[in-house]
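Report on the structure given below.
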Amino acid sequence: MEFYESAYFIVLIPSIVITVIFLFFWLFMKETLYDEVLAKQKREQKLIPTKTDKKKAEKKKNKKKEIQNGNLHESDSESVPRDFKLSDALAVEDDQVAPVPLNVVETSSSVRERKKKEKKQKPVLEEQVIKESDASKIPGKKVEPVPVTKQPTPPSEAAASKKKPGQKKSKNGSDDQDKKVETLMVPSKRQEALPLHQETKQESGSGKKKASSKKQKTENVFVDEPLIHATTYIPLMDNADSSPVVDKREVIDLLKPDQVEGIQKSGTKKLKTETDKENAEVKFKDFLLSLKTMMFSEDEALCVVDLLKEKSGVIQDALKKSSKGELTTLIHQLQEKDKLLAAVKEDAAATKDRCKQLTQEMMTEKERSNVVITRMKDRIGTLEKEHNVFQNKIHVSYQETQQMQMKFQQVREQMEAEIAHLKQENGILRDAVSNTTNQLESKQSAELNKLRQDYARLVNELTEKTGKLQQEEVQKKNAEQAATQLKVQLQEAERRWEEVQSYIRKRTAEHEAAQQDLQSKFVAKENEVQSLHSKLTDTLVSKQQLEQRLMQLMESEQKRVNKEESLQMQVQDILEQNEALKAQIQQFHSQIAAQTSASVLAEELHKVIAEKDKQIKQTEDSLASERDRLTSKEEELKDIQNMNFLLKAEVQKLQALANEQAAAAHELEKMQQSVYVKDDKIRLLEEQLQHEISNKMEEFKILNDQNKALKSEVQKLQTLVSEQPNKDVVEQMEKCIQEKDEKLKTVEELLETGLIQVATKEEELNAIRTENSSLTKEVQDLKAKQNDQVSFASLVEELKKVIHEKDGKIKSVEELLEAELLKVANKEKTVQDLKQEIKALKEEIGNVQLEKAQQLSITSKVQELQNLLKGKEEQMNTMKAVLEEKEKDLANTGKWLQDLQEENESLKAHVQEVAQHNLKEASSASQFEELEIVLKEKENELKRLEAMLKERESDLSSKTQLLQDVQDENKLFKSQIEQLKQQNYQQASSFPPHEELLKVISEREKEISGLWNELDSLKDAVEHQRKKNNDLREKNWEAMEALASTEKMLQDKVNKTSKERQQQVEAVELEAKEVLKKLFPKVSVPSNLSYGEWLHGFEKKAKECMAGTSGSEEVKVLEHKLKEADEMHTLLQLECEKYKSVLAETEGILQKLQRSVEQEENKWKVKVDESHKTIKQMQSSFTSSEQELERLRSENKDIENLRREREHLEMELEKAEMERSTYVTEVRELKDLLTELQKKLDDSYSEAVRQNEELNLLKAQLNETLTKLRTEQNERQKVAGDLHKAQQSLELIQSKIVKAAGDTTVIENSDVSPETESSEKETMSVSLNQTVTQLQQLLQAVNQQLTKEKEHYQVLE
């Protein structure tokens, strides 16, 4: 934690602020005490009573009067603050407050601020003091002026004691003392400084001089003591409020007469008192300085205050008297002090707020620091976890290194064991060499000739063998270079294949996305099949082209298969030849085993044959590697064939999709048929409704006819009633009928308003209303006819029956309407259910297709990944085989060096054995020649095999060309696939995207992008490993070159040693010839012969010479010769010893060579160990790369499955395109029909909704009419009850009419009643005509709608 974050800092800031405020107030209270004490002392020292002359006083008064008009306010305003300061000082002295140490001083900035505040406050106080002075409470304020000479300082400063009590200045030069004292005062009291000084300037009569003197004084204050800043103080003591005013007034009253007297006497005593004043000023200055520098305790300060009180006792009495008049000023001062306190409190509150803000900022910073700490802790935790993980990895790697070290130790132990075994063999060989040297010493003379011949022969053989070996090495290098070139070509082919695969994968991903879009959109929107059809025709052409190219590929593949079969036959022939050679070699082995005499040679030949076998095995391994490569190429071709087959399968799947689309079209046709059936049903319903409407119209016509008949009958009845006499009864009946008619009119008006809203069923209601009105009228008429008609009751009953029938008809119509509404609702429900079922079926179809596609993609991905795994495993096996071959080559080089050493040793042994077996040379030489012939035959076979290898390389190049052709064809296929994809994308763009499928596609795309990123990273890793492998290969090549250089060095050394030996043997032979010539000078043998032949001839001739010599001479000669022979023998022994030493030297040289070879072998073994280590590291890296490859394979399975799905979909698309070409026109027509049907269905659906709404309205209206009809039935029942009464009244009327048949009044009344009835009938006819016209209009509208719908359906048909 930092300092600002601690709780100590939070507590410390407010405590500091509080202490500063407390010190501020305390210093403010105690500031001016010490200054006031000094001022009092100075004033007491300088208060000298002076007497003023009357003339001077009068002049002073006159000048005072002159100046009062302009400068009164200035003098008074300056005197009031001085009085205030005196009162303050006296009040503090009375209360005996302890002085404050003078070392506490405020800064200049706080002093300036206080100056500004006090300058604002003091003008108000000055005005109040001026008003009080004008009231003439204190008569001694006005002092007569004294003439003053022009000096830079005023002559008298006695009035300055109001500001600083006790300070009084003389006329000459008391300004300096006054200035020094004023520096201790607050800078805000500049305006109050020295009012008496201003009065003296007023006496001189120049306002400008007064202003200049003020300026000089203020300047002197700031110049003399700029370092002392006195703090202002406003006393807050309540007890000290009354006494300061009184003391101030008394001091002013006492000072002014003294001042006048001093001014009057100053002129006469100026010269005498100058020295005294100067001495007093110096003493006072020293006193002030000592006071400034001193520190007072509380007791000392109290003593100083008591002394000042004693000296200012008289002044206090005068001030107490004048304290009453200055209460108002003190109140104002208190108010100002309260204001200052409030300002200070506000400052304190502001500081507190600032402290709070600082604490809040501290809290926020703490929170931030806590957040940072938590983040750092989390980071530390993650780093610790990573550290633990790294430690675990390091531990694992350390364990692995320990295991590797253990393995290396085991290998070293094995190598040391092998080295020990080799040393033992070398010791055995050395023993054998020593034995052979002993044998050579006994048989030198016999073996020298044979050694020469054999040596020359062996040298020739060595040269031939070395030449052959060099040729073989050159061939090996060429083969290795060819193999590297083939590897580079294979790597390039692999890269191209990977690029092709990546391109195919991308295209498969795109095609899968497009296919998914097609599936979803084909299911969702079948309206755009027309555009697809137009594009399918183009794709059919491309599909035909693809099929043609596939046929070409199949033909090329058949040719390639034939070539491969021929190559396999050749390989089989070569294998058979190798087996035959092996059989021959076995026979030779058996022959060699049978020959005991030439066992050593046979062993050597076995070694040579073993070497040749190794070379053959190496060639066979190279052939096997080439076979593996051919198999890999064949697998690649098989993969291409599989790709082609997959394309075909996809075409078949596309055809299946087309079949599914055809099935979907068939389902659409079924749906259309169902729609047609529903349309027929709707038509039937409409026809039924029309039929019903026509029936209702016929019934309406019949009712109109009945109305007409009833009207005629009513007229007849009216004529009959007109003949009857009873007027009153008729009038009552008419009134009842009118009331009923009015009621019926109201009901009819309500019904008319309802009938206006009803569409098709208003006709029946209007007919019923007309029937009701007619029946009521008939009832009214029949009441009049009861006298003449007996069967009126039966008519009424028939009418009731008719009414009941009409009611039943109305109910039946309502039931029919409800049934029709139910049917319509059921149909709508069925339509909606069918739509939902269609949607569900489409979704199920889409899900099934997606599941099938996923399953197919998964299977295809699994197969492709398996193929990739196989290919990669084969590649790894080939790499391992190459590494093993290189290791074998290194081992073979080491063995070859050992074999060369063994051959050298075996040649030595052979030379010794040839000397022993001179007799058996003929047979062994023949066998040797035969073996050489066999070796030559094998070398010829090797050459044949090399030729076969070259042919295989040419075949491989041709196959690579075929692969390139196939790749070009694949590129063409890909371009066609891209075209198809573009077409599919165009088709897909016409379909609206489905949200769910888009989400799935986006997720799959993300997964594919992630897989591609992983593939790229793994490819980078594989390339890195390849680079490492190439580096290792280069190192191996360098090692091989170093081995070859060492071999050449060794061969050169061997050749040099062999040449030296030949030279030594020739020298020995020459020396032997010279010795023999010296022994037998007579014998002469040609020198052209070989050494053995020359010795044989020389022996023969020497024997002949020896035989021709005589006895004694011969004996002497023989003795002489024996002596010479002994000498020669000694010489020969010496020479033999020399030769032995030479042989020993040669053996030492050979041993050195062996040691150097062994050292080099050890070095090479170390290098081999290092190479083994690197190989193991590479194997470990290969294992890691294999693991990564396995991961890649597991991840690439999905991609390959997607590719297969794409191919499958392409096949299906091609099939679909083939089949869609036939259905283009039909689909277009179906689309048009579907669009029209959809429009019609939408219109019919909207019309059905409208009809439902109208039916609902009709139901409501019917309910209203039913209620009205029920009320009417109740009224009819009442009317039926009234009919009986009417019948009785009619019988009475008839009886009365019979009595009064001759009255004329009845005729008049009868003339009036038909008129009323005719008016009523006219109104009824008008209303009926209106209803009829409305119904006709509605019928016309309905007919128009029906005609429109019929035309619409005809158009649809």
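From the backbone N, Cα and C atoms, a Cβ is placed for every residue, glycine too.
Source: prediction; values computed, not measured.
The transmembrane segment feature in Swiss-Prot is assigned to 7-29; the stated evidence is sequence analysis.
The feature region 'Disordered' is assigned by Swiss-Prot to 48-81 (among others).
The feature region 'Disordered' is assigned by Swiss-Prot to 103-218 (among others).
The compositional bias 'Basic and acidic residues' annotation in Swiss-Prot covers 121-135 (among others).
Annotated phosphothreonine per Swiss-Prot: T153, in sequence order.
Per Swiss-Prot, the feature compositional bias 'Basic residues' maps to 161-171.
Positions annotated as compositional bias 'Basic and acidic residues' by Swiss-Prot: 172-182 (among others).
Per Swiss-Prot, the feature N-linked glycosylation site maps to N172 (among others).
Residues or ranges marked as coiled coil by Swiss-Prot on the basis of sequence analysis: 330-1356.
What Swiss-Prot lists as N-linked glycosylation site is N435 (among others), and the listing cites sequence analysis. In the three-state DSSP classification, N435 (N-linked glycosylation site) falls within a helix.
If you look up Swiss-Prot, you'll see N772 (among others) marked as N-linked glycosylation site.
The N-linked glycosylation site feature in Swiss-Prot is assigned to N904 (among others); the stated evidence is sequence analysis.
Contacts of N1055 (N-linked glycosylation site) defined by a Cβ separation under 8 A and a same-chain sequence distance of 6+ are given as none. Residues annotated as N-linked glycosylation site in Swiss-Prot, with sequence analysis given as evidence: N1055 (among others).
In this structure, N1088 (N-linked glycosylation site) belongs to neither helix nor strand by DSSP; it is coil. According to Swiss-Prot, the feature N-linked glycosylation site maps to N1088 (among others), an assignment based on sequence analysis.
Under the heading N-linked glycosylation site, Swiss-Prot lists N1263 (among others), citing sequence analysis as support. For N1263 (N-linked glycosylation site), no same-chain residue lying six or more positions away in sequence has a CB closer than 8 A to its CB. Taken residue by residue with DSSP, N1263 (N-linked glycosylation site) is part of a helix.
Annotation source Swiss-Prot lists N-linked glycosylation site at N1329 (among others).
Between N435 (N-linked glycosylation site) and N1088 (N-linked glycosylation site), the C-alpha separation comes to 34 Å. Counted within 10 Å of its Cβ, the other Cβ atoms near N435 (N-linked glycosylation site) come to 12, all protein chains included. Per-residue pLDDT, averaged over the coiled coil (330-1356), rounds to 70.
Cβ environment of N1088 (N-linked glycosylation site): no same-chain residue six or more positions apart lies under 8 Å away.
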